[in-house]
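Here the structure is laid out as structure tokens; the discussion comes afterwards.
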Amino acid sequence: MVYMYRLIQAKNFRLLTSPVSVPSISRQVCSGLLSIRNMNSGKDGASEDSIPGRGGAGIKLRPSPDCIDRREWRGAEETSSDGLGARHGSFSKRRSRIDLRKWRKTRKMLNISLRRDKECCGLGWFFLKRYISLSDQIELVKTCREIGLGPGGFYRPGYKNGAKLRLQMMCLGLNWDPETRKYEDQDPTDGCKPPYIPREFNQMVETAIQDAHALLGKDLALSNVEEILPAMSPDICIVNFYTTTGKLGLHQDRDESSESLSKGLPVVSFSVGDSAEFLYGDQRDVNKADKIVLESGDVLIFGGSSRHIFHGVTSVIPDSSPKALIEETRLRPGRLNLTFRQY
């Protein structure tokens, strides 16, 4: 079964209107340009089922940065920059100035209802619509921009045959290697240690899980909520940027430790920027999969019995990003997606 939160006014999905004010990340942290490496939107030879780590070998050479700032973007034309990178470790020093005592939690659960939707995905599936506020979406973009400029930043994974995935990737906490399908503490493309996960990110994840627990307990009167959706403290964050031609075939996330997988520790996904058509189901069959649209600010959680669902992105919807987000961040056309796990 799938549990989703809905509002009466919505036609397709009811809205979870940010019951929690997630930690606001200091704007001083995020002053750089979001650098994506070789971010072009032309044809790349990748198939719709191109999946990181699902066959083929990762590209070992990391190209020079390409700015994701709209002021620098020139469509499919590649740009380079060699003076924008922040030194490794400098981000964590500046991040320490954030006053987390100002983080206020408001657990107002207004107009929320819980319903059964599908039989395929189990009880541990949660779709939190527009959960992340616009101001926090802005800070997510700016923070990823700051981190992405330094060592271990964004790059475009691909295969030995030359085909490249239709996304850009950056790993925080631990590096996920598409060639070995393993997590490591060193980035094989440049030999650097993966950047740290900002603690504000972790707290946002933990709060989202806590709210899912609270809603489960409230609507179903369950006391064993952690058996349905286990708690976790993420030590992995995979940041993907999809251009308007980006996509990702149906796959399962099964490269974490056997302990993590057996416990059903959840995957938590943040969506920012352009909307995306997202498929999910209990089989790797596009024709049998269900589809939802993930918009900017949506949070998706799947853990427990839902941990091994097949899921993927079929398309990115152009010009669907909130205008205020673009104005504040100059985010290039596309979708920024952060997925958190515990190894």
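Using the three backbone atoms N, Cα and C, a Cβ is placed for every residue, glycine included.
Heads up, TrEMBL stuff is auto-annotated, nobody curated it.
These come from TrEMBL:
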type: BINDING; residues: His251, Asp253, His311; note: Fe cation binding site
type: DOMAIN; residues: 233-343; note: domain 'Fe2OG dioxygenase'
type: REGION; residues: 41-62; note: region 'Disordered'
Residue distribution over DSSP helix, strand and coil in the domain 'Fe2OG dioxygenase' (233-343):
19 helix, 48 strand, 44 coil
For the binding-site residues listed here, His251, His311, which shows the highest count of neighbouring CB atoms within 10 A?
His311
Residues satisfying Cβ distance under 8 Å from Asp253 (Fe cation binding site), sequence separation of at least 6:
Val267, Arg307, His308, Thr339, Arg341
Given the model, what does the mean pLDDT over the domain 'Fe2OG dioxygenase' (233-343) come out as?
96
